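The transmembrane segment feature in TrEMBL is assigned to 45-66, 87-107, 140-159, 165-186, 206-226, 232-255, 267-285.
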């Protein structure tokens, strides 16, 4: 019974599905690589890794608290712990406070400039679950919140936000808009029935076009970051191939809504490859 209860908390925080955590972790690591010029301190790496896990988990919990009345009406979310009464709203609220306090404790190790950005990011994370009720593109809030980790890293390490930080910010923002729009396509029918806003609902028949534009923006900004590298063409072709493969599957390979989730998960492999390329472009890391 205790193990089942514990697993319900893991599911509530999506710790049983680590792809979401990894998609937030990769851009954080990219920012560490560029802001430190490859000389990453272990303490900073540890703080930001823990921070990613805690904040993303807290975001999932508050999302389920706000959406517990909606999740029961959506096929994909109907098995979540609050819907299945595995946990109560009180349980979830206490767990959210626990995760939030854990994340707040990390602020003692960060520069004050970074803390100011975190305050804005926390607001965006809180608004995101509610935004689908009033904002045409709720994915915009997620993109800004997830990308703010880049600015937090630069603010902590350099106490400034150079051009490089903003390129990384918008690179990741474009990526989030792409993969979260793919993710939202799985719920398109339910969103229409429940009058919930989403990017696919806004873009309608042009949703795939929008996703491709977001990926092209990602690719363009990625190229801008590595253009001085001796293996620029090779690095660019690798990522172009991966994005091309995913967009081909998006257009020609999906026949059921559930397959959009699988395509969404493949973005984690893109994150791994880009991280590896950024590491190779800073050989002094090794």
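Positions of Cβ are set from backbone N, Cα and C atoms, glycine also.
Contact counts against the transmembrane segment (87-107), taken as Cβ pairs under 8 Å, peak for 45-66 among the stretches 45-66, 140-159, 165-186, 206-226, 267-285. Fewer than three CB pairs closer than 8 A are found between the transmembrane segment (165-186) and the transmembrane segment (45-66), and contact between the two stretches is not assigned (pairs 6 or more residues apart). Counting Cβ pairs closer than 8 Å and at least 6 residues apart in sequence, the transmembrane segment (267-285) and the transmembrane segment (45-66) reach fewer than three and form no contact. Here the transmembrane segment (232-255) has Cβ contacts under 8 Å with residues 182, 208, 211-212, 215, 218-219, 222-223, 226, 263, 266-267, 269-270, 273-274, 277, 280-281 of the same chain, all six or more residues outside its ends. Counting residues 6+ beyond its ends, the transmembrane segment (206-226) has Cβ neighbours under 8 Å at 34, 164, 167-168, 170-171, 174-175, 177-178, 181-182, 185, 199-200, 232, 235-236, 239-240, 243, 246-247, 250-251, 274, 277-278, 281 in the same chain.
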